[in-house]
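Trainee: There's a structure below that I have some questions on.
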């Protein structure tokens, strides 16, 4: 799409000029370039519709160029009424001093270079084609002064914004209650009879629940206390009367753009959540469907091994390898199912008051036997009456994963110490310390991610699904806790979990073992 608007880009950098040219040309504008502010001012032409001007240039900077162009315009028009050619200053500096200096020099708008990609074309469109920018918008106006109300309607209607105006906040609020959908923005006076701007803001935010609707307060008072009250009530922005039309439209455009970006973001988040849910459903279905064939493979393999005493040793070894592979896949499916379930039920997981010391003691024996196979000395001490609000099966899995992980990566004749103590801030601290092989420093940051690169076989070739610690992280997160690790290659690791203690003092009969 092309249009008849001619824009001059003034910048000493060829790279910057090329970027600005490409962005504006793609938006349909006719672009001419100039590498010098002095040359641009000396050859200024009234047939330009807009100028994009870099601030930092040698010999004759953007401020000087802007002032020179404004003087030349007055000379060319010889005192007749005229409309200034809009000048957008582009600067690397984002501070009020630089902005004010630009506006005093005659600039129409100011864009920081870091924001060019997002703000250049929308700003140009707002200045040159406001009807396109504001097309389809409707504003609700609350203003008790008829003169101010009519002026406001005139300003916004000139750029295509429809409106409905009321002489006080009460009538405007009633209209918004009856017809909330048509209105994109609320423009309200601060001081009005019946219902002032502050009360209107409060009612819109609280009673109607419209948290995202932009509200711009218009005031002739320069009182910080009153403005603070307006913002606390829910105002998005304010303008001091009298205001320039361009300033009003710039504020409206800014808030509408922000609102549109939020809507796009919400939509993207919703789409991602839907994809995530589909992934979870797919994983759950795959996990379920894979269990049956793996069980069949295990059953037939065991049957062959049990009913044939004369099998060659090599075949027995191969059948044993099959069973080991099936066992690995079965554990992987179980871990995927557990991780999917945690993600799916994290907001509504069944919990009850648990006595953690008794719970961990009840599942300690299998871990002790597993450690004995590798001649590992495993000691455990649990603080009595350690109570948490938690999910029993999830916390058992947490303890099992951390303990089996320590055993897996601790060599023969090593040591493992497990402790549960009270910590500061109303937390319980579970620590699992081993004298194992340790974790490389560059892998620690990703250790709790699914299928982490840190995942590897144990000291005796024990397999790993790469999901055990990720499941631990999910479990601690849904319980309002945290998990961390300290490790040193060749010296071992310490995994530390903090879980909040039960807030409710439960009766003894209510505690689960």
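Any Cβ shown, glycine's included, is placed from N, Cα and C.
Sharing the features that TrEMBL gives for it:
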type    : residues : note
DOMAIN  : 6-128    : domain 'Response regulatory'
MOD_RES : 54       : 4-aspartylphosphate
DOMAIN  : 138-256  : domain 'Response regulatory'
MOD_RES : 189      : 4-aspartylphosphate
DOMAIN  : 285-503  : domain 'Histidine kinase'
Trainee: Name the residues of the same chain, 6+ apart in sequence, whose Cβ is under 8 Å from the Cβ of residue 54 (4-aspartylphosphate)?
Mentor: 10, 11, 12, 13, 16, 62, 89, 90, 91
Trainee: If you average the pLDDT over the domain 'Response regulatory' (6-128), what number do you get?
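Mentor: It averages 90.
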Trainee: I'd like the number of other C-beta atoms within 10 A of the C-beta of residue 189 (4-aspartylphosphate), please.
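Mentor: Around residue 189 (4-aspartylphosphate), other Cβ atoms within 10 Å: 25.
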